[in-house]
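Engineer: What follows is a single structure, and I will ask about it in a moment.
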Amino acid sequence: MTDATANTAPAGAGQGSLLIKDSRTAKRNGAEGRFKMYGLIAVCIGIAMLILLLTSILTSGLSAFWQTTIQIEVTLPEEKLDKSGVRDPEVMAKVTTFGYAPLLRDGLEATIAANGIETELSAKDAAELISDESVAQLRNRVLRNPDLIGQTVSVEVMASGRIDGFYKGRVTYASAERDTNISPAQLQLAEALEDKGLLNTSFNWLFLTAPDASDTRPEAAGLGVAILGSLYMMLIVLVLALPIGVAASVYLEEFAPQNRWTDLVEVNISNLAAVPSIVFGILGLAIFINFAGLPQSAPIVGGLVLTLMTLPTIIIATRAALKSVPPSIRDAALGLGASRMQSVFHHVLPLAMPGILTGTILGLAQALGETAPLLLIGMVAFVREYPEAPWEGGLFDPATALPVQVFNWTQRSDPAFVERASGAIIVLLVFLLLMNLTAIFLRRRFERRW
Amino acid sequence: MYDMRLTERVLDTETDKPKITAKGVQVYYGDTHAIKDVNVDIADKTVTAFIGPSGCGKSTFLRCLNRMNDTISIARVEGDIRIDGEDIYDKRVDPVQLRAKVGMVFQKPNPFPKSIYDNVAYGPRIHGLSRNKSDLDEIVENALRRAALWDEAKDRLSQPGTGLSGGQQQRLCIARAVATAPEILLMDEPCSALDPIATAQVEELIDELRQSYSVVIVTHSMQQAARVSQKTAFFHLGHLVEYGETGKIFTSPEDPRTESYISGRIG
């Protein structure tokens, strides 16, 4: 290559034997080699950082998907849970979790005794092994299935956050000495239960389905509401941003006259893409909540704000996709007597589809990971209630979002929430990965040659 | 390769009423004056060739005839162009309707990335030329036969048109234009991307299309103009320098510029 170009250089440059590299060639080759090396180093640094990030998140977050549980036998006496004996769930609901808590405590005590485990702990201290959330879970189970009353059932209850942490390496005997929430004796009891096969670790579905929990119950905190909230917002963004974005791009690219107004609109769209996302949050707060009176913390407001934020991305991607369709296709359609609109909708748009879909999905992925604007519209709230289905007005119910949940959990004091936050990041990354895979799949599927 | 049939022309077009008349046509691209005062009458059922060096305005003028220049925002057309006596730049004329009447084949084969069948059927579909499926099948078959592509394509109608060879693609584009049943067919250097064999096939086709259409062809190749056309117009720097019977233009041109071009001194 270099030798060939050297030969065409002006007289003097190509003189001499081709077998000996002249100094210019050596210099050029050297520069090229160095450039390749810089590039390689840059790529390696990038990959190393990515690996570092993923390992750190995975090591601290993967354990969130596992939960330590304790198998205990619980007796459900009728006189305590349903004095009336009619098994009417409304009547039974009058017995609160305070009525159920002693049952679990007694159950654990009985289980310990039945398995011949010796412990100096009182029944109350031993019960601290069990998560407070388990009481509510037991109550819900009984309310759903009143026939259980009067029986002795085997239930799998969540271990408390400290015990869970003990099996995940977060809590040790040494740390338990200094911890008011757990004592070494309790850890010994946990180990004894494990020896008898009563304490197990299983996949933590509740992490994906349960709502958030309070500071004292990290083991019960789940992503259910956050995932639903994010899903609702993505739905709103897709339904609003895709048609508006595509319509705007098609108009600008195919129909708009080339004048100063169009230029102005174009420049402003590009600028909007560069506006910091928190500005969109302030806009959402001022317009959608304060002016339009939409509820705070609602997916509808989050979705609208994210739509505004995603629109420029979609418009820019769509216009690039439309531009990449060869003009000869438009000429061909127009030459056959197709109208502008027919040429766009029959030919140009289908050909631009892979690019449009890729841009849209990347825009959605960006919106999915966006936190700042959601903080301003109140989506950082502590939400225990699942929003209703979208057709039942769920878009107006309070909800939170995945990245906001991460932000929320990182602010809590219990170290168990670090694990939860990292686990939430893994869920978020999996969603982003899935979206990008969809983008790649769609591009492959619709890609056509011309 | 070319039989003498092509050179034995019947030239009795002078007496017919012209299909297209252009008077005082000026075209501007922004500040560039691309076409300067062109006057020309184009006869029906004739092949008219526009020749001239690159950038002389022959393609620009061709694109005025079906208002394809409308798609270029900076282009401005002045003057009077009539087809069958109707001013095609009249405010009441819809360019879309005009282009159904005046078909066009482009320099580079540009089939839609759809099946061969859908390529040909597109025009008839959007203009509602067929009542049912069998009607459309017939239109597609006829168009492909006229474009001498039927035998090669009949077994692969559902395959993409972009999978054909360059020459086949161009014939597909011709079939596509023919399927819309135009009255005039404009061809902008239809053979410039083709090899000699494909060129020969397309040229033969053009000669056959003359039976039904008025064909206007822009070409870089003087040999091609001589082979396929009955009338030739020589453009130079935006002027229509000379227009007349092809035989006369190539044997005894009146203008010295035409002579220079034909003998290879300019161009």
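The backbone N, Cα and C atoms fix where each Cβ goes, and this holds for glycine too.
Sharing the feature lines straight out of TrEMBL:
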type: TRANSMEM; residues: A:37-66; note: transmembrane segment
type: DOMAIN; residues: A:227-439; note: domain 'ABC transmembrane type-1'
type: TRANSMEM; residues: A:231-252; note: transmembrane segment
type: TRANSMEM; residues: A:272-294; note: transmembrane segment
type: TRANSMEM; residues: A:300-322; note: transmembrane segment
type: TRANSMEM; residues: A:343-365; note: transmembrane segment
type: TRANSMEM; residues: A:421-442; note: transmembrane segment
Engineer: Pairs of Cβ atoms less than 8 Å apart decide it: which stretch in A:37-66, A:231-252, A:272-294, A:300-322 has the most with the transmembrane segment (A:343-365)?
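Structural biologist: Result: A:300-322.
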Engineer: When you look at the transmembrane segment (A:421-442) alongside the transmembrane segment (A:231-252), do they share 3+ Cβ pairs under 8 Å, ignoring any pair fewer than 6 residues apart in sequence?
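Structural biologist: Contact between the transmembrane segment (A:231-252) and the transmembrane segment (A:421-442): absent.
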Engineer: Taking residues 6+ outside the transmembrane segment (A:421-442), which of them lie with a CB under 8 Å of any CB in it?
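Structural biologist: Contacts with the transmembrane segment (A:421-442): 57-58, 60-65, 207-208, 223, 226-227, 230, 354, 357-358, 361-362, 364-365, 368-369, 402-403, 405-406, 409-410.
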